[in-house]
Amino acid sequence: MAPKDFFPPAPLDLDWDNIGIKVREVNGHVECAYNVATESWSEPQVVKGIDLTISGLSPALNYGQQAYEGMKAFRDPQGQIHIFRPEVHAARMAHSCEVVSIPPIPQAQFIRSVALAVSVNAEFVPPFDSSAALYIRPLAFGSGPQINLAQPEEYTFCVFVLPVTSLLGTKPVDALIMEEFDRTAPMGSGNAKVGGNYAPVLRWAAKARARGYGIPLHLDSKTRTEIDEFSAAGFIGVRDDDGKTTIVVPDSSCIIQSVTSDSCVQLARSYGWSVEVRPIKYTELPEFSEVLAVGTAAVIVPIGSITRDSLRDLIVYKPSEDGGYPCADKLFKSIKDIQRGLGKDVFNWCVPVHEPGAYFQPVSA
């Protein structure tokens, strides 16, 4: 049986374009446990629901020993389901785990666990012609009880899934530079996807939203002169050099390696655009014709303006005559077409998902 024949179709009674990011019940999630004695992760198991049982004295809850990822699965016009760039997410999560002293999940096991979670929840993968996707949340944490600041005896790796629409939508948003709060320290953990980099941003993001700004933008914490990233997305600047397009991506040890940004870089080169990966000075912002917020949740969102209160700066990025942002629109369409099977996957970014039985290892006698 072909994978597309195994998977049930997406339910037609759901308004897929307006499901938002509300947490809802699905068929279950996947769990693996780490064995300290054998220094290995257990085989993935499907667990019903989305709840976990965890010690109140786990280092995950007490010391923030956790790392996570964000990725997506899609359905193509033929009904096949696939995951977008899982190997890159596996590598990034392995790095994040090392930063917070969690045993890294081997790439093969990471991808197998993610694919299993998608497979058992196949009916929650939206139709290919909707604006929604199946969001995937791999999570690893120290789970064994441990009151002192030391390595626990137990670790858990889980994969949860949830159908969602885009976090920020597709219309341009206004950004506010954070000046009262630094997201990370110069030699800190800013290049890891760990909760400690995001929870402190919540109140500042809420304050920005209350003032009408859709997303905070962070400068480097050492000099406040260079662009790091948005609070929940990577930064890309677009420069028009006499008709020649150049995209500029920050090179900083304090930001995560954005999978969407990397996808944009590869696409840009395939278009014949120039690509610069280097530190970006704050003073360069007015030189850009477009600024993009890019990420798994946001995909690609054009920035309408950037405000810096201390300097009373307001940098506006005007749309073209037709109301669009040409580079953002081109990159967005290319990525979405590949993700949904509407365009040729020339980079081999999409990994097909099979029936659940394909992801369980046979038990030896």
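Glycine too: its Cβ is placed from the backbone N, Cα and C atoms.
Positions annotated as pyridoxal 5'-phosphate binding site by Swiss-Prot: Arg92, Glu229. What Swiss-Prot lists as N6-(pyridoxal phosphate)lysine is Lys193, and the listing cites similarity to another entry.
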By a three-class reduction of DSSP, Glu229 (pyridoxal 5'-phosphate binding site) is assigned strand
The number of other Cβ atoms within 10 Å of the Cβ of Lys193 (N6-(pyridoxal phosphate)lysine), counted over all protein chains shown, is 22
Per DSSP (three-state), Arg92 (pyridoxal 5'-phosphate binding site) is helix
